[in-house]
Amino acid sequence: MSAALPKLQVIKIGGNVIDNPPLLEAFLTDISKIKSPFVLVHGGGKIATEMAKELGIQSQMIEGRRVTDTASLKIVTMVYAGWINKSITATLQSKQKNALGLTGADAALVLSKKRKPHPIDYGWVGDIEQVNGKALHELVQQGYYPVFAPITADKQGQLLNTNADTMAQAIAIGLSEFYEVTLTYCFEKNGVLSNPEDDNSVIPHIHEASFLQLKEQGIVTAGMIPKLENAIKAISQGVNTVRLCHASQVLLNEGGTKITA
């Protein structure tokens, strides 16, 4: 049955690319050439931290993850769903792609629930509960290219800051009922590296067992761990292909690290 499904790409673009205007411009030019439908999910980069600093609000991080208090929630919503989302949407529109800037709160496309405060209280952070794949599929069918900021809401209407890698994974799984989905995580590295100092030390294939081994050996650390956990979950729940690669490789079918079941 899956052979008969149309193809769709879910692409996640990392914060370090968003912080680099020439790299972001080149990436958006590349994806505007994609003929099949796609959904873009973007991170936030350093802009929210810089904005908080300008407003005299201290950004608190625990183990590389942002603690989102009420003041921080206002800032990340303004920056992610406002400045970054609309800048990307407008750029894609200028490249003849009918981009539609969204958050998970719009049409309740991505519902989440506030993360429990134990063992660490991350504040207004949402864990995804549900993706409305049917509504998103209908937008894609109408010729829109959805561009998601990593902001969601719960059933009570509370906005929540949400991990963009997880959001891309959940959207890819939610759309796999309607499409043969390729999920691509694009960032500033050439893939998952066996040696962080060597950009060419790309590990071409990773599956769940090898991921656990790489984690034990300390080769995969920090932010790469949740990224790979999301990638492995996607491949195990109906997503056809998952790849982690440099933003400049988004149009290529090869290169980077491919996740296998």
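Any Cβ shown, glycine's included, is placed from N, Cα and C.
Whatever TrEMBL says is automated annotation, not expert-curated.
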- Co-listed substrate-binding residue [TrEMBL; alongside GLY44, GLY45, ASN161] among ARG66, ARG243: ARG66
- Grab the substrate binding residues from the record (GLY44, GLY45, ARG66, ASN161) and give me their largest CA-CA distance in Å. 13
- Would you report the average pLDDT that the model assigns to the domain 'Aspartate/glutamate/uridylate kinase' (7-244)? 95
- Give the three-state DSSP assignment (helix, strand or coil) for ASN161 (substrate binding site). strand
- Reported as an integer number of Å, what is the Cα distance between LYS12 (site 'Transition state stabilizer') and GLY44 (substrate binding site)? 11
- Could you state the whole-number distance in Å separating the C-alpha atoms of GLY44 (substrate binding site) and LYS227 (site 'Transition state stabilizer')? 15
- So which other residues, same chain and not among GLY44, GLY45, ARG66, ASN161, have a Cβ within 8 Å of the centroid of the Cβ atoms at the substrate site? GLY15, GLY43, ALA48, THR49, VAL76, VAL79, TYR80, PRO150, ALA164
